[in-house]
Amino acid sequence: MNAGTSVLLNFLIIIVLVFVDYFMVQSFSRLREKETTVRTIRSLVTIMFCILVPISMKGSLDYNFELVPLLIGSLYSGVEAAVILFAATLGMEWILDGVAHATGFAVAAVVLFPFVAALSDFYLKRRLIWRNVLFIALLAGATTLHVAILRRVTGIRETDYLYLMLLNVAVGWVNMMLVEIFSELTRMRERIFGYEKLSFARELAAAFAHEIRNPLTVAKGFVQLLRETPVHQEKHHAYLTLVEEDLAHAEQIINDYLVYARPELASMEEIEVTAELRHVSDLMYSYGVGHGVNVTVYLHCPETYIIGDRGKLYQALINIMKNGIEAMSEGGTLTVRLSRLNRQLAIAIQDQGVGMTDEEVKRLGIPFYSNKANGTGLGMMVSYSIIEMMKGQVHVMSEKGVGTVFTILFPIAREG
């Protein structure tokens, strides 16, 4: 392999691994908490590849860009990472490159490491222009020292000496700027996420205040009426009943909000879904009759168990079935089907109601979004939250004027 090809290959290895590092950390949330560890591992892998694919100088020595990932990893990951990287690089040099390279690196490391250790905390607090200056100065100094030692040991030519120093600094600067760009993208993403969370919290608080104020205002009005206006005993009782209903409505809004804000399952147990679904459907049958809706159940599944909270599962299913019944203002049939789909249990709840647009389907489960005139959206929000906590999924298909199908998937725990 000629020198030009080796330089290009080393450069691509360094750049590609920086991209891999960034996209892995962004794609897997668990890795974000261990970003320093991931960066250190990436630096080690890059150093190893650089040593394995050296730049061959005609009539001179083999060289590589190991100092670039070594400095990047040390300055951006801290002193502990620097110790690991320096020690690992020395070991790999000794094993893979021989005594001459290992000796050259060891002498350079003795001089370079104190500077890196002293600058590790200071470095990231400086402005970008000063980080550029510090990085280039360190890399140029380390390269000069390293190659000067190798020159004494192996007799590297003067032109190759200058070529390697300039090439190392150029590759290092490009690598450093890529790391800076990706770091800034990460910070921007975190800021945007923070703004979105704050904005969502404000909207949620405003919507919650609005929803809770409505029943409380009505209750307050009836209390004032009872206090200021003499009424018959019959009306007095009717007003108190309305006050009680509005307070119960306010309490339900608070309870639903708390379930969403502090999602937790009281008790996890095995639930035999066929029996539970039959029980919930029986409960909703009378509610359906009151709205001119027939509730039909098809349980095409043997005895099958899932893991979850029985009470919370009731709540989620009742909310979805109740919404389906209320969507059929002119009557119809609510069909509930239970079936098996590979290693999952599928509960399909189909209504013949007004249906929804794609945009309305996307907004299902968002706090205080509802298709009903007097709805709060909390019931559906809570249902989604419960299903998610039980490791389930919700898929919705809907057509305006035709109806909606909610398909809930739960992982099967065991079969009876």
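Glycine too: its Cβ is placed from the backbone N, Cα and C atoms.
Residues annotated as domain 'Histidine kinase' in TrEMBL: 207-414.
If one looks beyond the transmembrane segment (7-25) by at least 6 residues along the same chain, the residues whose Cβ comes under 8 Å of a Cβ in the stretch are 1, 31-32, 35, 38-39, 42, 45-46, 49-50, 53, 55, 64-65, 68-69, 167, 171, 174-175, 178-179, 182, 185-186. Under the heading transmembrane segment, TrEMBL lists 7-25 (among others).
Per TrEMBL, transmembrane segment is recorded for 37-55 (among others). Nonlocal intrachain contacts for the transmembrane segment (37-55), taken as residues 6+ away from its ends with a CB within less than 8 angstroms of a stretch CB, comprise 1, 3, 6-7, 9-10, 13-14, 17-18, 20-21, 24-25, 31, 62-66, 68-70, 72-74, 76-77, 81, 84-85, 88-89, 92-93, 96-97, 164.
Taken from TrEMBL, the feature transmembrane segment applies to 67-88 (among others).
Annotation source TrEMBL lists transmembrane segment at 94-116 (among others).
Feature annotation from TrEMBL assigns transmembrane segment to 128-149 (among others). Note on the transmembrane segment (128-149): residues 63, 67-68, 71, 75, 103-105, 107-108, 111-112, 115-116, 119, 156, 161, 164-165, 168-169, 172-173, 176, 180 of its chain, located 6 or more positions outside it, place their CB under 8 angstroms from a CB of the stretch.
Among the features that TrEMBL reports, transmembrane segment is placed at 161-182 (among others). Distant neighbours of the transmembrane segment (161-182): 7, 10-11, 14-15, 18-19, 22, 55, 63, 65, 67-69, 71-72, 76, 128, 131-132, 135-136, 139-140, 143-144, 147-148, 151; these residues of the same chain sit at least 6 beyond its ends, with a Cβ under 8 Å from one of its Cβ atoms.
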Would you mind giving the whole-number mean pLDDT across the domain 'Histidine kinase' (207-414)?
81
Same-chain residues at least 6 beyond the ends of the transmembrane segment (67-88) with CB under 8 Å of its CB atoms are 14, 17, 36, 39-40, 42-44, 46-47, 50, 108-109, 113, 116-117, 119-121, 123-124, 135, 138-139, 142-143, 146, 168, 171-172, 175-176, 179, 183
